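Lifted from Swiss-Prot, the feature list:
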TOPO_DOM  1-6  topological domain 'Cytoplasmic'
TRANSMEM  7-29  transmembrane segment
TOPO_DOM  30-445  topological domain 'Lumenal'
DISULFID  Cys113-Cys143  disulfide bond
BINDING   Arg115, Asp142, His188, Asp210, Ser320  substrate binding site
BINDING   Asp211  Mn(2+) binding site
DISULFID  Cys237-Cys303  disulfide bond
ACT_SITE  Asp289  active site, proton acceptor
Amino acid sequence: MLKKQSAGLVLWGAILFVAWNALLLLFFWTRPAPGRPPSVSALDGDPASLTREVIRLAQDAEVELERQRGLLQQIGDALSSQRGRVPTAAPPAQPRVPVTPAPAVIPILVIACDRSTVRRCLDKLLHYRPSAELFPIIVSQDCGHEETAQAIASYGSAVTHIRQPDLSSIAVPPDHRKFQGYYKIARHYRWALGQVFRQFRFPAAVVVEDDLEVAPDFFEYFRATYPLLKADPSLWCVSAWNDNGKEQMVDASRPELLYRTDFFPGLGWLLLAELWAELEPKWPKAFWDDWMRRPEQRQGRACIRPEISRTMTFGRKGVSHGQFFDQHLKFIKLNQQFVHFTQLDLSYLQREAYDRDFLARVYGAPQLQVEKVRTNDRKELGEVRVQYTGRDSFKAFAKALGVMDDLKSGVPRAGYRGIVTFQFRGRRVHLAPPLTWEGYDPSWN
């Protein structure tokens with residue numbers, strides 16, 4: 001590069017030198033002597049005068065040539081200096097320091113009413129909470145129950161206590177009078193979630209009821225799955241609950257296992273502010289959780305759920321009068337082994353990868369009749385698949401194997417693409433529709 005620059009400078013210097021001298025010669029030839037105008041007649045008729053004029057021009061030209069030689073010398077010196085200069089490399093660009101985004105603040109919204117046993121819920125949350133700044137606890141109280149209010153107030157600044165202001169009765173259809181509690185719950189949820197997302201302006205929230213106890217890695221679980229929820233539009237929630245999470249139906253040696261499910265589990269669940277903006281304008285007057293399970297709300301989206309639940313319920317008292325608790329909820333196993341989820345690669349839960357691998361695993365497993373699964377025949381097969389072909393066969397096989405047999409808008413509890421996976425007598429079983437399955441039938445209720 002320097003050689004090209006030097007050659008260019010020499011060429012331009014030579015051109016300028018020749019052109020300048022030609023112009024000077026023409027100028028001196030036509031210029032009159034200093035102090036007197038030229039006489040044309042004198043020059044034409046007097047040889048001596050002509051000789052003197054030529055001598056004068058030659059002297060002037062000699063002086064100018066000296067000046068040009070000096071100019072040419074300066075050009076040469078400049079070129080020599082340029083050639084002798086050692087090129088220096090540009091200073092290396094400073095490496096860009098990666099900016100680690102600040103961790104998201106995810107509040108825990110505790111929905112409370114008239115259970116003073118909310119202390120058990122709050123004690124566990126505060127015991128396992130890794131950071132008060134990253135996981136503020138907001139207790140939203142309905143019902144106006146003073147003993148519960150005092151229990152919440154006793155935690156001081158460790159929690160934020162807000163109160164649902166509308167404690168009035170709700171007008172309900174005559175055949176729904178016994179369900180007024182469900183109407184009040186839906187009203188409370190709407191108000192409390194509105195406070196979290198519109199008043200406090202948090203980007204996400206984990207909703208728990210006041211009768212839930214959390215696992216040691218409850219916060220770690222939601223911290224790790226929050227980025228996945230934000231990044232994958234095919235997901236709309238993360239739940240801490242496995243509807244089929246009874247102790248004999250989970251693999252206790254694999255607490256790190258997570259799944260996608262088309263069924264909305266609730267009972268400790270993470271949602272984003274964007275989802276609340278979608279749901280709030282059409283929030284139902286009652287039975288909000290079953291409303292969430294309808295296809296109009298789910299829109300083909302899934303939730304993440306664990307193999308072993310990160311919450312358990314201890315509240316027999318409630319609007320369901322304890323029946324569901326006695327039959328099912330009290331048997332759900334709560335995880336006790338801390339899993340460092342934030343150190344795990346959870347990309348396998350993204351829809352494309354999950355569907356490919358999960359379906360290959362399920363339909364690659366040998367098919368076995370439900371009777372042989374129940375009697376633990378063909379143990380050498382290991383993981384197996386039990387195939388159902390309709391609503392009635394699903395319910396019959398589910399009851400025979402001990403899994404939840406109810407359906408909401410055609411979706412089985414913990415199901416994904418119609419498949420319910422669980423442990424039975426020490427081996428993995430997939431209760432699955434045919435491979436040609438085309439979607440849920442909302443009439444299966």
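Positions of Cβ are set from backbone N, Cα and C atoms, glycine also.
Structure with Swiss-Prot features highlighted.
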residue	record	DSSP (3 states)
Cys113	disulfide bond	coil
Asp142	substrate binding site	coil
His188	substrate binding site	helix
Asp210	substrate binding site	coil
Cys237	disulfide bond	strand
Asp289	active site, proton acceptor	helix
Cys303	disulfide bond	strand
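Among the recorded positions Asp142, Asp210, Asp289, the ones whose Cα sits within 10 Å of the Cα of Cys113 (disulfide bond) are Asp142, Asp210. Within the set of disulfide-bonded residues (Cys143, Cys237), the lowest number of other Cβ atoms found within 10 Å of a Cβ is recorded at Cys143.
Of all the recorded positions listed here (Asp211, Cys237, Cys303), Asp211 has the Cα closest to the Cα of Arg115 (substrate binding site).
Checked against the residue listed as 'Mn(2+) binding site', the recorded positions Asp142, Asp289, Cys303 differ in C-alpha distance, with Asp142 being the nearest. Asp142 (substrate binding site) is surrounded by 22 other CB atoms, counting those within 10 A of its CB over all protein chains shown.
The two recorded residues, Asp289 (active site, proton acceptor) and Cys237 (disulfide bond), show a Cα separation of 13 Å. The 10 Å shell around the Cβ of Arg115 (substrate binding site) contains 21 further Cβ atoms across the protein chains shown.
The most crowded of the disulfide-bonded residues listed here (Cys113, Cys303) is Cys303, judged by how many other CB atoms sit within 10 Å of its own CB. The sparsest Cβ neighbourhood within 10 Å, among the listed recorded positions (Asp210, Asp211, Asp289), is found at Asp289.
Across the structure, Cys303 (disulfide bond) and Asp142 (substrate binding site) place their CA atoms 28 angstrom apart.
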